[in-house]
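Everything on this sheet refers to the single structure shown next.
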Amino acid sequence: MPQDNKQDIKAIIFQLNDEEFAISVQQVSGIERMQHITRVPQTASFVKGVINLRGVVTPIIDLRKRFGLDAADFTDSTRMIIVYMDEMEVGLIVDAAYDVIDIPEEAVEPAPEVVGAVDVDYIEGVAKLEDRLLILLNLNNVLTDEEVRALKTVEG
Amino acid sequence: METNEYLEVFIDESKEHIQSLNDHLLELEKNPSDLTMVNEIFRSAHTLKGMSATMGYQDLADLTHKMENVLDAVRNQQLVVTTAILDVVFEAVDQLEEMVMDIASGGEGRKDVVHLVEQLNAIERGEALPEENSNTAAPVSESDHQPQSTLVSTLDEFEMTVLRESNDQGYQNLELHITLREDCLLKAARVFMVFEILEQSGEVIKSAPTVQDLEEEKFEQSFTVLLVTKDKAEEIEKKVMKVSEIESVKVQNFSIEQRSSQSGNSEDTNKLSEEKGATAVAEAPVKQEKDTAKKAPVSNKTIRVNIDRLDALMNLFEELVIDRGRLEQIADSLKHTELQETVERMTRISGDLQNIILNMRMVPIDQVFNRFPRMVRQLAKDLGKQINLEIEGAETELDRTVIDEIGDPLVHLIRNALDHGVELPEVREQKGKPREGSLKLNAYHSGNHVFIEISDDGAGINREKVINKAVSNGVVTNDQAENLTEKQVYQLIMESGFSTADKISDVSGRGVGLDVVKNTIESLGGNITIDSTFEKGSIFSIQLPLTLSIISVMLVEIKEEKYAVPLSSIIETAVIKKSNIMSAHNKKVIDFRGKVVPLIDLQDVFEVPGEKHDDEYCSVIIIRKGDKMAGLIVDTFIGQQEVVLKSLGNYLTDVFAISGATILGDGQVALIIDSNSLIV
C-alpha cells in the first residue's frame, strides 16, 4: 500500500558508543571516510575542524563530544556523515554508519521525559524496531544548541 | 515561441532603458532646453513600450505610452519642461522600475497607476491642446501605415541639398514604403537585404526609422526609405519584392516641394545651403560609408553572458588553481627537469588565463554609481537642501563580487554626507558658501586596489563634539581622548553605538550606520579612512581589493598547522633574536625600524597544541592595518602562493581572526588569517 509506505521514514543508522541513532536520508548528502581535518581555533569544543570535501570547505562536528560522551580513537569504521540543513553542510563524526532502513511511523514514540542526566533537546523520538532501539535525531538542535548560540552572540 | 526565454533579456533591457531614462531626465532637468535629451528619453520610453507590449505587460506599456505622449509634446515644443512635469515623469519612471522589479521577481508587473496616468493626461491635455494641430510630425515609428511623405519633415538641410542636386542631374528621388510580413522572423536580415538591393541601384539618403534602429529591429512591420537613383520605380519595386517575407512595397516619386507645403520656414535654410550644394553631393556617399562602418563593429563587439556561467567558469578555474598548486609540489619533490619545465609553462599559461577570467568578471563601478543621481535628487528634496553631485571615474572596474557588496555602504555614506555634512542653503549662505552644496564621488585604480572617495563641502566633523560624545558613550575615556590624533578622532564616529547628529532623522543617524559600513568594508578586505576640515567638508575614502576570489598569501606554519596571511596586509617578514624582544605593559614588543611594534604569538591566539619552541630566533610577520602595526610570531615561513579564497560555510560564522579558508596543493584546508581583527 503506497499510502502507508509514504509514512515510513527512510533513515540512515549510525552507531555511537553502542547506541544506535537515526537520521532521515533526506538530510544526508553522503558518508565519507576519515581524512585530514584542519582544526579551527576558538570555536565550540565539539567543532572538530574543517575538511576539503571535493573542493568545498566543510565543517566537522564530533558527535561524541557534542553528546557529552567519552572521546574515543578513530578506527577503520569511523565515518563522517555529511548532512545538509538550512543551506549548511556539516559533517558528523560517528563510530560507524552501516544501514539504511525504513522506520514505520507508528514505531516512533516521543522522547521520554528523562533520559539519563543529559538535557536532550536534540532527540526527536525513539523508535522500537523488533529488538533494536533507535534514537531519532533532531538535526536542527544538534547543530545549533544554546552553546553555539551563545558563542555567536559573544563574537557577533 | 516561448516568452520565458526572452524574459531575462526583457528584464535586463528594461532596466537599462529605465536607467537611461533616469540619466537623461536628470540631464534634461539641468538643461531644460536641450531637445536632444528629450529625443533620447523618448527613444528609451518608446522601446520600453514596444517591448513590454510584446511581452504582454499591459500596465507597463500603458504607463510608458502616457509618458511618451507627454514627452512627445515636449519634443514638439508644445510643452515647456518644468520641475512639476519632471517630478511626475520621475514618479512614472519609479513606478515603471517597480513594475519591472516585480516582473523580475516573478510577478505580473501589475500596479495601480490611475492617479499617475491622470496626472500625465492632465499635463498633456492642459497645456498641449491649443497647439495640437500645428505639427503633423507624429513620432516616426508610429506613422507606419500612411505611405505619405512622413520623411520630409525630418530631413535636414544637407539631405535636402543632396535631393535637389540629384534632381538637377537627372536622378530621380523615390520614396519607398516597405512593409514586412507579420510573421517575419529575421526583420533585421530582411532590412539588410533590402538595403543591399537599393544600394546597387542608387543611394539611400534617409530612412525612417534610422538605419541603426532598423538594424536593431526597433520598428514594427514597415519602414520608409528615401532613394536617389536612375532606375525606374517599377524595376526597383520588383527587385525589392524578390526579398522574401516582404508584404508590400510602395514606390512613389518624392519631390522636395512637398516639404515647403508642410513647413514654411525651411525655404530660407534651403536657399542658404544651395550655395554649398555642389560639394555636398560629392561628400554624401563618403559620409554614409563612414556611418555604416562606424556602426557595424559596435554591435558585434560584446555579447551578453549569464553571470552564472561566468561563476561556473570561475569555480572550474579555482579547481584548476588548486591542482596547479599540487602539480608544482609534485614537480618540486620529483626534481624531474622536463616535468618541472612543463609545470612552469602551465603555471604561466594559467596565470594569463586567471587574468582574463578575472577581467571578464570586472564590471564598471557605474553599475553602483548610476543610481545615485536619482537618490541624491530625492534626498536633497526631502531634506530641503541644494546639492550638486559630481561623479568621476564611473568607468573604474571592480570584480562583480565586490560590486555586489559595495552598494549599501556607499548609499549609507552618501546619505550621511547629505544629512549631516551639507548644510541647509540658508546656513551655507551665512557661512559665506554657495547655496548649493557639492558632493563628489570619485573612483580610481591604484596598484591592486580601487579607491572610492566621497567628499562634500559641508560642515565637516566637529572634533570637540565627537570627543564629548565618545566620552559620554564610553567609547573612550577622557585621558585617551586627550591624546588622539585628528584621524583617530574621526575613526571614532565609525565605532558602534555612535551618532553625532543632534536629532535622529529619517535619512540617517539611528545610531547604527557608520559602524556597519566600516564592518562591511573591512569584511571585503578593504578599509575606510576619514579626513575632514571643520566647516570646510569631509572626505570618506574607501580602499578595496580588486578581487575577492583569488588572493596572494604568505603560507606559514605553526607547529603542525598551516595558516595563510594575505599579502595585502603584510609589510615584511623578519627573523628576530629572542633577546631583542622587549616588554612594555606586560606586552611583548620589538623595535622595528625605529617603531615600537607589539608582538602577537599566533600559537597562543589560535591555541595551537604542542610545546613552545625555545629557539634563539623567532620568525615574525609584520602586518599593518591603517597606520597601526603588529608582529605575528610564527614557527616557519613556507612561502608565497596564490590561493582561492573559500568561505567556512554558513555553520561556522564569525570565527575570531579567521576570514576564510583555502585548499592547498596537498588537498588539505588551510585557514586564512584576518589580520585586521588581530590589530586592535
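Glycine is treated like the rest: Cβ placed from N, Cα and C.
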Among ranges B:125-149, B:425-449, whichever one TrEMBL labels region 'Disordered': B:125-149
Secondary structure content, the domain 'HPt' (B:1-103) (per DSSP, counts of residues): 87 helix, 0 strand, 16 coil
Local confidence of the prediction over the domain 'HPt' (B:1-103), expressed as mean pLDDT: 79
B:H46 (phosphohistidine), number of other Cβ atoms within 10 Å: 24
